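Enquirer: Look at TrEMBL and you will find B:6-24, B:33-50, B:56-76, B:85-106, B:139-158, B:170-193, B:199-220, B:227-244, B:250-271 tagged as transmembrane segment.
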Amino acid sequence: MTRNIIEVSDLSVAYAHNPVIWHINLAVKANSRTAVVGPNGAGKSTLIKSIMNLNKPLSGKVEINGKKPKHALKNIAYVPQKGEVNWDFPTTVLDVVLMGRYVHKGWFKRMNKADVAAAMDALSTMKMEAFKDRQISELSGGQRQRVFLARAICHDADFYIMDEPLQGIDITTEKLIIDTIKALQAKGKSFLVVHHNLDTVEEYFDHVIILNKSVIAQGTIEEAWKKENIDKAYDDRSVTT
Amino acid sequence: MIEVWFVLIVTALATSILGVFLVLKGLSMTTDAISHTILLGIVLAFFITQDLRSPWLIIGAGLIGLLTVYLIQVIINTRLIKQDAAIGIVFTALFALAIILVSRYADNVHLDLDVVLMGEVLFAPLNRIEIFGFSVPNALWQLSLLLVINCGFVALFYKELKLSTFDPTYAYIAGFSTTLIYYLLMTLVSITAVTAFDAVGSILVINFFVAPALTAYLLVKRLSHMIWVSFIFAFINSTLGYLAGDHLDVSMSGATSFVAFIVFMLVFLLNPKGFVSTKVKQHNQKKVFARAMILMLMNEDEHRTISRRGIQSHFNLDDKSFKKHIEHLLLNGYVEQNTDGYTLTRRGEEYTHYTRIKYELPAS
């Protein structure tokens with residue numbers, strides 16, 4: 001048995017009066033590529049935000065590498081949804097990727113040559129070197145996602161959390177991102193990825209968590225990725241709406 | 001008089017460097033709220049110290065500024081009311097309290113509401129202070145000190161300010177307290193606003209904070225450039241404002257703010273990616289596209305020919321715009337006129353071929 005990098009027990013989160021996720025118990029295996037799938041409003045983003053201590057749960061406990069999230073956050077490279085930042089911010093591609101190094105610097109310290117070299121390495125992994133001086137507002141959706149992933153690579157964490165990294169991007173970028181994820185997994189990294197395309201789950205991931213307010217199924221693709229589980233998650237929704 | 005000019009410039013520089021982050025964080029109206037509510041801090045501190053020169057007035061203003069930001073945040077966090085409404089209610093409540101206190105208890109002291117609201121930079125040289133044996137206007141000394149403090153703050157926290165403004169979630173994960181940076185920034189905004197009161201007043205100080213930064217925002221693609229370009233606009237605005245105010249004998253802070261608006265509009269309209277050039281480009285694009293579509297229509301016809309009526313009714317064109325488009329197409333040799341209407345030429349045929357590739361349309 002491989003160890004668990006994340007353990008969540010009895011987690012419930014509500015916004016105002018509406019419960020978003022209920023009694024979540026789950027584990028993410030170290031060195032896995034774990035997908036989180038579920039219909040719209042199933043609480044996928046809420047779940048990963050709770051794991052990163054970004055919202056206050058009603059109940060429950062999250063442990064990352066056996067530690068409280070607050071003390072383990074620096075070891076997480078987060079790839080947000082594209083819409084979460086202001087793309088008109090006056091900054092360049094290289095600058096955004098360099099932000100991945102801030103976590104290793106602490107307050108007040110400046111970037112040095114080694115940091116720039118690391119950022120350029122990450123950019124070349126994502127085939128974006130030619131864009132290093134572009135303003136981020138001039139990038140396409142796929143290029144924005146590449147920049148985010150380059151920043152995460154630059155961060156050099158053991159654990160990546162990604163919120164719909166393949167949403168609204170071109171097919172070349174999608175392939176590049178998945179190849180990069182697989183290459184990083186071979187180097188011992190772990191992934192928790194919110195994913196929306198049911199057709200590619202088997203091809204892209206080795207573990208899956210099927211979510212609809214609570215966990216419908218979880219485990220390896222062979223164990224959990226079954227028609228009845230998928231139907232249960234998605235049909236419940238169509239009945240209630 | 002040159003001292004008046006200096007005071008205006010230093011005010012503009014000290015405010016605009018913070019303004020860069022206020023604009024990027026979407027806090028312009030919060031700043032406007034602070035620049036009014038801090039009057040309450042001044043009034044309360046004055047009641048305690050009974051001294052209009054006391055530094056406690058600035059501390060009081062700083063504390064009330066933070067209270068303003070905090071109250072607005074508390075109301076937003078309930079998710080019952082949006083940011084603009086939260087600002088509106090907190091801003092007016094605290095400001096009104098200050099007005100009530102002044103009108104009830106401070107009628108007989110020299111806390112001149114007119115000067116607080118409108119500012120009067122011309123009076124600045126009257127209050128003087130000895131620094132290293134030189135006599136300088138008090139406002140000039142205080143604002144210069146603040147300029148240094150604000151620049152120091154931005155230099156020291158540059159990386160943290162950038163990250164927490166661009167991507168607060170990532171800043172939190174990377175271990176930087178966005179809350180701490182936010183409140184530090186807003187404390188400096190409060191202190192700067194109260195210090196700028198004498199010179200520019202509480203109503204127009206918002207313009208000094210945000211106008212140069214907004215103008216710079218239209219032109220730059222890097223944060224550091226935005227700061228430098230803001231400084232340049234702050235200098236231009238206050239200098240032209242000073243000259244206009246002096247020449248026309250009007251309020252200098254008013255003149256500076258109005259100049260700032262004109263400068264902003266000029267940059268907005270005329271910069272290479274600005275309003276005018278974008279509109280021109282869009283207009284041209286529309287014409288090119290409309291003409292390409294006319295050719296495509298002919299291309300889809302088996303005889304490559306469409307009558308004038310056919311074209312006009314298909315694209316809903318009036319006579320005038322039809323004539324314009326067709327004359328252009330005839331002139332370029334894409335179509336030729338005959339008894340049935342208009343027929344696509346070989347050149348026109350080639351053009352539609354490239355159009356299909358360009359717009360990724362399926363081949364006919």
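Just so it is clear, glycine is given a Cβ too, placed from its N, Cα and C backbone atoms.
Unlike curated records, TrEMBL annotations are generated automatically.
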Enquirer: Determine which recorded stretch among B:56-76, B:199-220, B:227-244 has the most C-beta pairs below 8 angstroms with the transmembrane segment (B:170-193).
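Expert: Comparing B:56-76, B:199-220, B:227-244: B:56-76 has the most Cβ pairs near the transmembrane segment (B:170-193).
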Enquirer: Report, as numbers and ranges, which residues of the same chain sit near the transmembrane segment (B:199-220): CB under 8 Å and 6 or more residues beyond its ends.
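Expert: Distant contacts of the transmembrane segment (B:199-220): 7-8, 11-12, 15-16, 18-20, 22-24, 28, 31-32, 35-36, 38-39, 115-121, 124, 139, 143, 189, 193, 226-227, 229-234, 237, 253-254, 256-257, 260-261, 263-264, 267-268, 271, 273-274.
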Enquirer: Cβ pairs under 8 Å only, please: of the recorded stretches B:6-24, B:33-50, B:139-158, B:227-244, which one is richest in them relative to the transmembrane segment (B:85-106)?
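Expert: Comparing B:6-24, B:33-50, B:139-158, B:227-244 against the transmembrane segment (B:85-106), the winner is B:33-50.
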Enquirer: May I ask for the residues of the chain that lie six or more residues beyond the transmembrane segment (B:6-24) and have a Cβ under 8 Å from a Cβ within it?
Expert: 30-31, 121, 124-125, 137, 139-140, 143-144, 146-147, 150-151, 154, 161, 165, 185, 188-189, 192-193, 195-196, 199-200, 205, 208-214, 216-217, 223, 226-227, 230-231, 233-235, 237-239, 241-242, 252-253, 256
Enquirer: Which residues of the chain, 6 or more past the ends of the transmembrane segment (B:56-76), have a CB below 8 A from one of its CBs?
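Expert: Here the qualifying positions are 30, 33-34, 37-42, 44-46, 48-49, 82-83, 86-87, 89-91, 94, 182-183, 186-187, 189-191, 193-195.
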Enquirer: Short question: which residues 6 or more past the ends of the transmembrane segment (B:250-271) have a Cβ under 8 Å from it?
Expert: 4, 8, 12, 118-122, 199-201, 204, 207-208, 211-212, 214-215, 218-219, 233, 236-238, 240-242, 244, 277
Enquirer: Let me spell it out: take the transmembrane segment (B:33-50), skip the flanking residues so only those 6+ beyond its ends count, and list any with a Cβ under 8 Å from a Cβ in it.
Expert: 56-57, 59-65, 67-69, 72, 87, 90-91, 94-95, 97-99, 101-102, 105-106, 109, 111, 116, 186, 189-190, 193-194, 197, 202-203, 205-206, 209
